[in-house]
Structures are given as structure tokens and as C-alpha cells.
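The structure appears right after this line, and notes come after that.
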Amino acid sequence: MSVFAYRYGVLHAESVSLAAVAREVGTPFYLYSTAALEAHYSAYAGAFAGQDAGVCYALKANSNLAVIRTFARLGAGGDVVSVGEMKRALAAGIPAERIVFSGVGKTREEMRAALEAGIHQLNVESIPELEALSEVADSMGVVAPVAFRVNPDVDAKTHAKIATGKKENKFGIDYDHAREVYNRAAALPGIKPVGIAVHIGSQLTDLAPFRAAYERVAALLHQLRADGHDIQRLDLGGGLGITYKSERPPDLADYAAMVRSITGNLGCRITLEPGRSLVGNAGILVSKVIYVKQGLHRRFAIVDAAMNDLIRPSLYEAYHGIVPVAEPEAGAVEQPYDVVGPVCESGDTFAVQRPLPPLRDDDLVAFLSAGAYGAVMSSSYNTRPLVPEVLVNGERFSVIRPRPTVEEMLAAERMPDWL
Ligand code: LLP
């Protein structure tokens, strides 16, 4: 059952009325459900119970401190891709020894900060990065625990902008050169190769590409061990896709069984880095219809959220469900709307010819499945303040990131002395 449901004619998150939140916080706002976050995390961790596996939440999906802490309290680790995310993970209560640092372009400063914090593992993606890490670690007199992210050349069958495991992508080291790279790493000061990492893309709704990638990783593991490397960790990258519209992602139980069938007797500690599947369907974006405008050929619902607040439709042609906050009357006849924001670009479009119950000015609507890659990818384009974030827990709600005022935004800028 979804935590977002109509009660007394109004869409609620758990026991909180979205109309009530809108009155207090104003629109637009992001809202997340604690019950959903916890349920998604527990389902993930539970599916892997009995395997030597740990969940490192991919902070990039939603890095609000309160969201991270919700997972940290359940025992989650964190997958971070910048020193900023690392500081968020630590500040939210994820212990350093449960943090993995991924990303194709870590700077020396970031490496130093990660080694100072004593994190679990750095996932290295190239020889120049390896050499830099060796220098940094050696100069600090420490040894960096390293997994190499290998590029298995597997088609993830997802949107091209979020597929990462083909050899033409910028990610990882070439599968065919991996043995050389491990040998080189083993000879470098300050480096201990401890694992293999792989991540082929996001929003995967089929197990087959995962399986193909993991089989390649397992084969590499045998070769590396034969070469004398003491590899004890496998990082299997991001999690399953989610349902935005009619996608049917695999069951977690089937995914976990597939992982066990490939890695069960390898004697490795498994790391999982799910992001979207933990937060995506735990969050919504609530917005208000400013005007309903009847064009020559189309009816537009112009809402107060825009592409800068939720960029996924513009960037990936992504589908997000849209529902009115006031429960439609029984028998209400749907009409097609183009749902658009107020930003001065035609790409500022959330949905084209979407059948919706009749909308009027000032109606509230909720964009569904917006908890992942929503608030984190927002900007203040058109000097639109970043949208606030709200966390619901049962009957309570709390603003976990307030909306900045325009005055605060302006005050953050500086005039050079010649102006
Ligand atoms: N690990 C690594 C190394 C990653 O690059 C990613 C996502 C994840 C884990 C988490 O993957 P997930 O469980 O969320 O699928 N902005 C895009 C998604 C970009 C994903 C980037 N990497 C979107 O809105 O669809």
C-alpha cells in the first residue's frame, strides 16, 4: 500500500494532509515519507539478510541530512561521489568505515579528506587517478583500500544518459585491461587493492544486464586471485529501477537470489549502492496550478514548479505521475493537459497531453516518484528559490530544508570593487 493516499477527500502522506502542509510551507515543496524510506531500506537490507552484504545508500539520489540520517539509524552505509557528500554522510551519522567513495574524477583534496576520515574504500576508475591516490596516501603515510571500478561493456538497457557500463562510456577501467591495472596497483606505495566495483547504469528494470555484469566481475575475481591479489570485496553498484508509470522492476528477492547464485561461494563481502529504489517512490513534489490556459489547440496547466525544481522530464523525457491533491469527484471526466512550469523555455514541460481530472487555478497537484534525483538536481534558474523539503513521520511533519528568501539569495553574491 502506498503511503500517499486520499483520506477525507485530500491526498495524505502517512497521516499528514498535503493541503495542510501547503498552507504552512507554501508551494512548491518536496515531501518525503519516513515510513516509505524505512520500508524501502528494510526491504533492501532484508532481501540480502544471510549474505555477507551491506547497503551503502547512494547519497546522490537525495542527500538531505534528515533523509540520510533516517537510513543511518537503520544501519546504512553511504556511497558518496564528492567531499561534500562525504561530509553530509558523516554529519548525518554514517560512520566512516561504512562509506565508499565513487566517482570518475576525485581530486587530490578529496582523496586526502577521504583518507583522513578513514573511509571503507575508494573506488578508482583510471590509472592517473590511481597514481594520484598513491602519491596522496604515501605522503600521508597511510594505505588506501582500493576497489577498481571495471567497465564490463554490458548494455544496461536504460536511458542513454544514465547508462554507464558500455566501453564507450567514461566510467571505469576497461575490463580487458583490469589485470594489468591490479598488478600495477599492487606495486604502488600507499595502495592496497581489496575489491572490484561495477555499476552499469540506473533505472534498470531487468535482471539480465546485472547478471551479465556480475558474472564478468566473478570471472575477473578468479583471475585476480590467481594473479596473487587478495580480493575480498565486491561492490555491485546501484540498485533496481522503480515504477514511474508501468515499469515492472524485478523483485528484490529475485535480485538477491541472483547475486547469491553468482557471488555466494566467492568469500567476498558484498556492497550494494542503491539510491533511486530507496527514495524515489518515498517522495513527491507538490505544486499549485497558477493558471489554466486554453491555447488554440491545447489546454495548459501552468504550475508553480518548473524544470529547475524537477529537471528529469526535461533532461531524460522522464515520466512522473501527476495527481490532484483534492480527490477528484466520482465520475470526473479526464481531459488532456500540457503541464508546464513558468520558466521561459519550451523544455519547461512536465507532461504533454496528460489525461487529468479537470483542473482549476489554485488547485494543488502532486508529482509522484520525485524523491530520487529531484531536489538534489534542482537549481535556482530564473532566480527561483530552491524548493523546500519536508519530512513526514506519522502525524508529524518537519521542514528539513527551508525555502531561501530572494533576499538571502541576493545576499550570497558579491559586487567587485569596480562596480
Ligand atoms: N553507484 C554509482 C557508482 C552510481 O553512479 C549510481 C548512480 C548509483 C550507485 C545509484 O544508482 P541507483 O540505485 O539510483 O540507480 N539523475 C539520473 C540518475 C543518475 C544515476 C547516476 N548514478 C536520473 O534522474 O534518472
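For all residues, glycine too, the Cβ spot is worked out from N, Cα and C.
If you check TrEMBL, you get these features:
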type	residues	note
DOMAIN	30-371	domain 'Orn/DAP/Arg decarboxylase 2 C-terminal'
DOMAIN	36-279	domain 'Orn/DAP/Arg decarboxylase 2 N-terminal'
MOD_RES	Lys60	N6-(pyridoxal phosphate)lysine
BINDING	Gly239, Glu273, Pro274, Gly275, Arg276, Tyr373	pyridoxal 5'-phosphate binding site
BINDING	Arg276, Arg312, Tyr316, Glu345, Tyr373	substrate binding site
ACT_SITE	Cys344	active site, proton donor
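For Arg276 (pyridoxal 5'-phosphate binding site), the nearest neighbour among the recorded positions Lys60, Arg312, Cys344, Glu345, judged by Cα separation, is Lys60. Excluding Gly239, Glu273, Pro274, Gly275, Arg276, Tyr373 themselves, the residues of that chain whose CB lies within 8 A of the CB mean position for the pyridoxal 5'-phosphate site are, in sequence, Tyr57, Ala58, Lys60, Ala61, Ser202, Gly238, Ser277, Leu278, Val279, Gly280, Ala372. Residues Glu273, Pro274, taken from the recorded positions Glu273, Pro274, Cys344, Glu345, are distinguished by a CB atom under 6 angstroms from ligand 1.
The 10 Å shell around the Cβ of Tyr373 (pyridoxal 5'-phosphate binding site) contains 24 further Cβ atoms across the protein chains shown. Pro274 (pyridoxal 5'-phosphate binding site) sits 20 Å from Tyr316 (substrate binding site), counting Cα to Cα. The shortest Cα-Cα distance from Tyr316 (substrate binding site) to any of the binding-site residues (Gly239, Glu273, Tyr373) is found for Tyr373. In sequence order, Cys56, Tyr57, Ala58, Asp79, Val100, Ser102, His199, Asp235, Leu236, Gly237, Gly238, Gly239 constitute the residues six or more apart from Glu273 (pyridoxal 5'-phosphate binding site) in its chain with CB-CB distances below 8 Å.
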